[in-house]
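Colleague: Pasting the relevant annotations from TrEMBL:
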- 291-457: domain 'Helicase ATP-binding' (DOMAIN)
- Cys519, Cys522, Cys559, Cys562: Zn(2+) 1 binding site (BINDING)
- Cys528, Cys531, Cys546, Cys549: Zn(2+) 2 binding site (BINDING)
- 554-706: domain 'Helicase C-terminal' (DOMAIN)
Amino acid sequence: MPDNATAQVIINIPTRKIDKPFSYVIPAHLSAITIGWRVLVPFGNRRVEGFVVGLEIESTQGLKPILEALDNYPWFDNNMLATAKWLSEYYLCSLAEAMRLFIPGQSGIKIQKSYQTPAELDWEHAAILLSKKPAEYRTILTYIYEHGPVTLNNLTKLSSQINPIIKFFLQHKLIITANSINKRGQAASLTVINLAVSREVAADTEKALPKNNTAQRRLLQALLHTQELTTVELRRLAIAPNTVKKMADQGLVTVRNVPVFRNSYAGLNRQAANLSLTAEQLQVLQELIPAIRNERYSSFLLHGVTGSGKTQVYIQAVAEARRLNKQAIVLVPEIALTSQIIARFQAAFDNDIVVIHSKLSVGERYDAWRRLQTGQAGIVIGARSALFAPVNQLGLIIIDEEHEFTYKQEEAPRYHAREVALARAKFAAATVILGSATPSIETYFQALQGRHKLLSMKKRVDDAPMPSVTVVDMRQELAQGRRSVISLPLQDMLTETLAKKEQAIILLNRRGYSTFVLCRECGHVLTCRHCDISLVYHAPSKILRCHYCQEKQAVPDVCPECGSRYIKYFGTGTQKVEEALKGLFPLAKIIRMDQDTTSRKMAHAKILSAFAAGSYDILLGTQMVAKGHDISNVTAVGIISADTALNLPDFRAAEKTFALLTQAAGRAGRGSKTGRVVMQTYNPEHYAIIAGAEHNYSKFYQNEIGFRQQLCYPPYTSLIKITVQSDNELTVHRQASQLAAELTQKLSIADTAIIGPFPASVNKIKDIFRVNILIKTQNLAAITKEIYSMNIVSRNNVIVDIDPVNVL
Ligand SMILES: Nc1ncnc2c1ncn2[C@@H]1O[C@H](COP(=O)(O)OP(=O)(O)OP(=O)(O)O)[C@@H](O)[C@H]1O
Ligand SMILES: [Zn+2]
Ligand SMILES: [Zn+2]
């Protein structure tokens, strides 16, 4: 057999086991196929989607042909392919898992169960069987014969009692099941009908029609009145598709499918965009613009205090990329909380933007990505998944609030958007801007080392002062006999704010609540005798436990430090705070934003815009009230429990606390009026609280980086978290110990430590027990290579998480 063109195809099945490409013959009619195409191939006895990653001329002996191309252009360009490959190697996932991130809905096809009549159907026999059944049976069988294969979904529309009918047909072999393959995320299209003949011919034909042919007459008359008809109008005129088909066959009309693009964000409000830039904004742009023009890889950390006008810098940078005909990806932490930034971009760029969010249907997502791919749009804005948009002219990636942990995907593949963005930008020779008022310790460290160029904006727009912060020691509040969750200084501030008709935001920092036990009298937190880390409260067993050494302890009745009875303090919910606020301020209009009130679509945006419009006086909520909003009448921010997260057994506890306090405080006084903040805490002397109250990032950084160095935590080392899972508690511990021993033996690489196994902080989820092993290393590349060769990743009960953000 002669050599022929073949394609190397990665099969889109999210397994960790098949990780090599398979060769398929490229049939003559699909000779256009090149690297990057999505195709349909036979695999075992199935037909599946695949991605072409290589081409060769080789012997085609024993090879099967590609069945179909799923598009008529390559989906992946070179930098997308290189990024997928990098991602699979860095995060130890299969290439298929990495590549499917770039496909709307993870796969371009959907296999549906459907029904058809068998080729050898005996109609006479069928007629006898059906004679005893209602007429409906015959109609439906005929329908399946004419339209098959049809899905159950389609048939449900024909009868309300479809299930027994299908069962009967199957039983008597009148129909068989078949799998039909649907291409997903096709551009939505509209059928448009035009005359194919001159108006005179059409008019003559209409007159010559037999009297009873009213449907054809209606169609011709309608077309003589207007240029074209769509499916919607046909339905209104009660003209069946069959009628149209007959007339098309006679050459009287043409039928075309025209794609329509769906845009579910079209209704959002616009805001004016033309501002003259501040001195600091100009300075920063003088660095960014040459880099963007340069069309070489470069990365920046834009460290700008809250309210310094970072969004405007992003907009100008994107505008520059667009002037150069380059495309831009803009990542935001959570789309629901960022309608303001989207509105600002839309005001500046209008239809040049597509917005990606999790509520988009696969079809809408496909349209959005097609608009980018075809160059109809130049900017994509969205949460981390927007990073995988098919922009072929990538010039700029912006990550707003780069410190946010939502940029880490907590399911396979467990990538961090910041790292992937840097990799993709390198492959595409593009510029990256990481922006934040509270950069992550890792990023700031890298910037100081020169891996990113550090740009700072130290002042708010219009020189507005940073808000003044009062730290309230809640132990003293209790000593003075006040047991309310609202301290006196907070109450006073709210009274004054409401009197001036200004607005307040109250943040209840719930992270870490109910996990540790705190004495309300002296602030003492119960810690492990051996490990100096807070004991974790396990609600079901009502027991305290150390996550590092397994020590168990009952909750004491009195504080071991001061003897107080106020020891069992597991935190407060937003509802309780709301009641307290209502008691103090019965006339104030309060709106609560938390998990309970925001489960509906766009509920966040609705609550925020109602608050921004002044319909409420106080916005109360969890973390989500602290982020990104820019509301000029907000002059007061209260933080109910500034320090709860400090007690989590997580080396990033201080970083998370500092970022939250700074971001929350940053919501106050962004307009012309000065802002004030009250922070309630049991730890007023902690450096995260002190630096947070002073808006002093570098003070916090200096403290924190020293601690990281001392304990060998990132950025001085890299972490790998290996989780072993089992539904059996004994098995999981045994397997984890075995794995830890195996790792200790194999990973004899310098500067690497293996910690654990220890039970995960939520050690049982849905009846699956989880035990963690943590690897600390200064040699990540070598260690991942070793782990890969040990075949740990392909074990079903093991999860490997590179650079985990959650180490608990
Ligand atoms: N050059 C300018 N002139 C006037 N107003 C500006 C200018 N630049 C930005 N602003 C306004 O200043 C406010 C704060 O800007 P922006 O929201 O971009 O801040 P930010 O740096 O992103 O803050 P945060 O980190 O808190 O989200 C906004 O209302 C914005 O419209
Ligand atoms: Zn311990
Ligand atoms: Zn105490």
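Using the three backbone atoms N, Cα and C, a Cβ is placed for every residue, glycine included.
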Colleague: Which whole-number value in Å describes the distance between the Cα atoms of Cys528 (Zn(2+) 2 binding site) and Cys559 (Zn(2+) 1 binding site)?
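Modeller: Their Cα atoms are separated by 14 Å.
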Colleague: Taking 8 Å from the centroid of the Cβ atoms of Cys519, Cys522, Cys559, Cys562 as the cut-off, which other residues in that chain fall inside it around the Zn(2+) 1 site?
Modeller: Arg520, Glu521, Gly523, His524, Pro560, Glu561, Gly563, Ser564, Tyr566, Ile567
Colleague: Please list, in sequence order, those binding-site residues from Cys519, Cys528, Cys546 with the Cβ less than 6 Å from ligand 2.
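Modeller: Within range of ligand 2: Cys528, Cys546.
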Colleague: Among Cys522, Cys528, Cys546, Cys559, please name the binding-site residues whose Cβ is nearer than 6 Å to ligand 3.
Modeller: Cys522, Cys559
Colleague: Between Cys522 (Zn(2+) 1 binding site) and Cys546 (Zn(2+) 2 binding site), how many Å separate their Cα atoms?
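Modeller: Here the two Cα atoms are 22 Å apart.
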Colleague: Take the C-alpha atoms of Cys559 (Zn(2+) 1 binding site) and Cys546 (Zn(2+) 2 binding site) and report the distance between them in angstrom, rounded.
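Modeller: Checking the Cα atoms of Cys559 (Zn(2+) 1 binding site) and Cys546 (Zn(2+) 2 binding site) gives a distance of 18 Å.
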Colleague: Between the Cα atoms of Cys546 (Zn(2+) 2 binding site) and Cys519 (Zn(2+) 1 binding site), what distance do you get, rounded to the nearest Å?
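Modeller: Cα-Cα, rounded: 18 Å.
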Colleague: What's the number of neighbouring CB atoms sitting within 10 A of the CB on Cys559 (Zn(2+) 1 binding site)?
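Modeller: There are 21 such Cβ atoms around Cys559 (Zn(2+) 1 binding site).
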Colleague: Counting other CB atoms within 10 A of each CB, which of the binding-site residues Cys519, Cys528, Cys562 comes out lowest?
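Modeller: Each of the binding-site residues Cys519, Cys528, Cys562 was scored; lowest Cβ tally within 10 Å is Cys562.
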Colleague: Can you tell which of Cys522, Cys546 has the most other C-beta atoms within 10 Å, given these are the binding-site residues?
Modeller: Cys546
